[in-house]
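A.B. asks: Below are the features I grabbed from TrEMBL:
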| type | residues | note |
| --- | --- | --- |
| REGION | 1-49 | region 'Disordered' |
| COMPBIAS | 31-49 | compositional bias 'Low complexity' |
| TRANSMEM | 59-82 | transmembrane segment |
| TRANSMEM | 102-125 | transmembrane segment |
| TRANSMEM | 132-152 | transmembrane segment |
| TRANSMEM | 181-200 | transmembrane segment |
| TRANSMEM | 207-228 | transmembrane segment |
| TRANSMEM | 234-255 | transmembrane segment |
Amino acid sequence: MTAFSPAADAAGPLNSSVNGPLNGPADGVVNGPANSRAANGAAVAPGDTGRPARVLRRAAAGALVAGPALMLAGMMTCPPQVSDSAADYITSLARDTSLTELSAMLLHYGLVAGALGALAVPGLVRGRKGAWPTLLGALATAIGLLNVSGAVRDDWWRMVTGRQLPLDVAVRISDTVDGSAFMPLWSGTELLAFLGLLALSAGLARAGVVGWWLSAVYLAAFAGMTLIPVQLTYVVGAAFSLLFLPLAVAGVRLFQRERAAA
C-alpha cells in the first residue's frame, strides 16, 4: 500500500503530513523532470535492448544462409585433381594459384559464417522436444567449423611448396606436417562438425521446426562424400555443400520468425 492509494488518503492528518507542503519539495523531486526522464527511460529501455537483439538474429540468419552459399562457391572453384593422393593434391593447388586462393578464401569465410550462425539455431526451438540435440549440435558445429576454417591455410603453403620445391620434397613436407603428434586435435574436429550438423538437423526435426527430410538429405550427402570419386570435382563439391543445408534451412526459418514477429 502506498501513500498515493485511496486507502492511504483515508488515514487523515498523518497522510496530509506525508502529502502536504513538507513533502512538496521531495515530491517535486520524485515527480519532476528527473523522474519523467527516468520513467521515459524505463519505457524506452525494452525497445532499445530489443533492437540490437533483432539485428543480431537477422545477422545470424544471414550468416546461416551465406555460409552454405560460400561453401558451394568455394567447392565449385576447387582446382580439379586426378586422385586423392598428396602428390596430386599439391599438384592441383600449384597449377592455378588464382583459383586456389579464390577457393580457399570462399571456403574460409563460408565456414566462419556457418559457425557463427549456428550459435543462433537453438533459438528456433520452443519447448523441450529437440532442445538438447539442437543445442549440442550447434555447439559442436561451431567448434568444428571454426577449426576447419583455420585448416584452409594449408592450401597456401602446399601451393607454394608445390611451385617452388620438387614434388617429392613438397609431398614429404606435407606428410610430415600431417603426421605431427598434436595435429589430430585440430584436424579431428572436422568429424565433430559433421556429427554436430546431424544432431542439429535431427533436433530441429524433433522440435517440429523442419521435417525429417532434412536429416535424410544430410545422411545421403555424407554417404555420397565417401563414395563419389575425387576426380568428379563438381559432383563432390555439390555433395559436400549439401552437408551444410541444415544451416541454410535454419537461416530461412529464422528469417521467417523475425518477419512474423515484426
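One-based numbering along the chain as shown.
Placed from the backbone N, Cα and C atoms, the Cβ positions cover glycine too.
Those TrEMBL annotations? Automatic predictions, nothing curated.
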A.B. asks: Could you name the stretch, out of 59-82, 132-152, 181-200, 207-228, 234-255, with the greatest number of CB pairs under 8 A to the transmembrane segment (102-125)?
C.D. replies: 59-82
A.B. asks: Which stretch, 59-82, 132-152, 207-228, 234-255, tops the Cβ pairs under 8 Å count with the transmembrane segment (181-200)?
C.D. replies: 132-152
A.B. asks: Given a Cβ distance threshold of under 8 angstroms, which distant residues of the chain, six or more beyond its ends, lie next to the transmembrane segment (59-82)?
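C.D. replies: Sequence-remote neighbours of the transmembrane segment (59-82) are 88-89, 91-93, 95-96, 99-100, 102-107, 109-121, 230-231, 233-234, 236-238, 240-241, 244-245, 247-248, 250-252, 254-255, 258.
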